[in-house]
């Protein structure tokens, strides 16, 4: 007969009327019993013949999470001008005195951040914007382009102008300044207009990427043409003192970007940009492509690899840099839905490209992308605004895989020890936290996003029957992209974007100037940054407990009034460092802090309400006696694992699920196992703060017997059959807890000390977790353990009782990093009377 839930509870000693623990508990370690129970609960039966279930409630397989929904009315969020102060270390030192080595090291890591992977795969521009929403392709294209444009305007992206130069907006950092003979050259325009950048004599690098003109002149003279364009390009550049035009006409092939169908990086797009000539040909030369492509009349990239002189000549005489969008103006409408109708709506469509306020030299950057982008809802509660998702997953997979640095995250017990107190709390919202941390420009070639321009994007999506030959763009191809769909979409978008439609229909390549979210390095850097800042804040304001996890910063103080005054001072301090806070999103929590998915109060820690609701929903939807795909089990275990520390039996209760995931088999919930888990998760117990104290109870065991020292009493017992040593030690610890009720137990076994009971026989692990819940362990070397003799059957010999102090752990967070001493000649900082008479120390 299958095991009933009541019987199972009794077996696990979860009921009060169980027999003496010393007899009952060792039985749970018996392998035979564990096997029988597993068979009864159908836990071991992994090879099932009925089809697997692939969806349970909201949980689907690990990689097929809910499909994002496109919202045609998404608004692009605005980004403040974020500029983290470069001398952040000095500013902190003026405020707090000398920083510790740890803080300095962390702050130097992000000033600037560096990312140089050994290998980078370059993808064609077509893959720049992911076709996530096929039915809203055009709308998604423009919204994404607008988002990228907003980021560029906010100084978060560089725009690739030529192979070796980029432009950006916002305040420059010193590593972006003029290094004339080094690798970087930087120059600021006097006026920020779009067309005003031609005649400056000082500059090294003009904002107009006229490399192509000069290069084409050299190329054509080799093809036997008159170097007619040369005079144009040289016109204004005579005055500029240091032109280093590194053009080697003989060694380099002409520039050209491969048709984007192929995914290889084109090594010929090499140093076109290094002709750094000032030029006056900017207005005529719409080199809207910030790459070294030339546009032919149809707007498709023309390759200039091996072109016979005649065609090169016709190319040079015609409108070289013609623009796909503006060409519709002169062509006959092909139908009612021809784009000509839209292009004729406006007389002035604005420039083909915009240029940043500053220019900078960069390492050779191909006209390619290294990751794709798409839009999703900003968060589950805010679906009106969009968020850009950047997929640089190439750096986490395959041959281009980078191993990211690891960083410490406080575990639940450390977090509770730190934050469970009677303080009042508030949390600060750092707006666009990732975009605070600057990236070195030399990392730009590895983090490229962009798009191939509207015609290519549309052509790629609709490339069903028509095979568009990109190499030879001709006039007839111009109308190939006209369609009712595109026409209607563009008309609607015209209301939103107006003449920007023209700008956004051009190709563009952007590199990150601040760290993007889609790279594994970013969370590490953000964690280093905020933890260093909080460490400084804790020292500057000794009455304040500041703590952070990623971009979530919380402040705690003894009274609400004090918290408010601290809030003002700390906000001003953070603003002076260039950290942008969002004052509307500051949350005041009172005495129970919501942080990292937990509610933390003076009573301890529990999961937040929305997680409790998810648990209830999960158990409501959980099918019984149906094999569930192990990928779905991963999702279920993810949720249950988060709340496991708050249940009686903890993680050991989930071991059968873990085992099936590990063996990649389906899992079938029997009614009893489901009822057991359900009951476990419906009553959650808080994880309490550990208290420091003196250890007076000790446990020890040998494979055959156990011994306890409780104060001056000694006890011993034997096991019916010899047990593995770790199991014996765990049993001894359980006996010590149940006999003495002590919350502090000394043991010499590292596995018991770690409080991870998942490797023990399943039933024993579950029961021991419940018995030892809330117990803290202290390590006692075997030689000093007073329970060592009784465990070997010797009761007469007394070892002196140790005075072993226990200090609760706060993980790797050192709350009080003492500042290095200040040299004596500095005057003392003024100390105003504090609202508290004593500096608050952690509980």
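Glycine too: its Cβ is placed from the backbone N, Cα and C atoms.
According to Swiss-Prot, the Mg(2+) binding site annotation covers 429, 551, 552, on the basis of sequence analysis. DSSP assigns residue 429 (Mg(2+) binding site) to a strand. Within the same chain, the residues at least 6 positions away from residue 429 (Mg(2+) binding site) whose Cβ sits under 8 Å from its Cβ are 551, 581, 582, 585, 586, 587, listed in sequence order.
Annotated compositional bias 'Polar residues' per Swiss-Prot: 288-299, in sequence order.
Taken together, the residues of the domain 'Reverse transcriptase' (357-600) have an average pLDDT of 84. Annotation source Swiss-Prot lists domain 'Reverse transcriptase' at 357-600, citing sequence analysis.
For 1-177, the entry in Swiss-Prot reads region 'Terminal protein domain (TP)', with the evidence type sequence analysis.
As annotated by Swiss-Prot, region 'Spacer' applies to 178-346.
Residues or ranges marked as region 'Disordered' by Swiss-Prot: 224-273 (among others).
Sequence annotations record features per position, and here Swiss-Prot assigns region 'Disordered' to 288-316 (among others).
Residues annotated as region 'Polymerase/reverse transcriptase domain (RT)' in Swiss-Prot, with sequence analysis given as evidence: 347-690.
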Three-state secondary structure, residue 551 (Mg(2+) binding site) (per DSSP): coil
Residues flanking the Mg(2+) site, with Cβ no more than 8 Å from the Cβ centroid of 429, 551, 552 and excluding those residues themselves: 427, 428, 430, 433, 548, 550, 553
Number of other Cβ atoms within 10 Å of the Cβ of residue 551 (Mg(2+) binding site) across all protein chains: 18
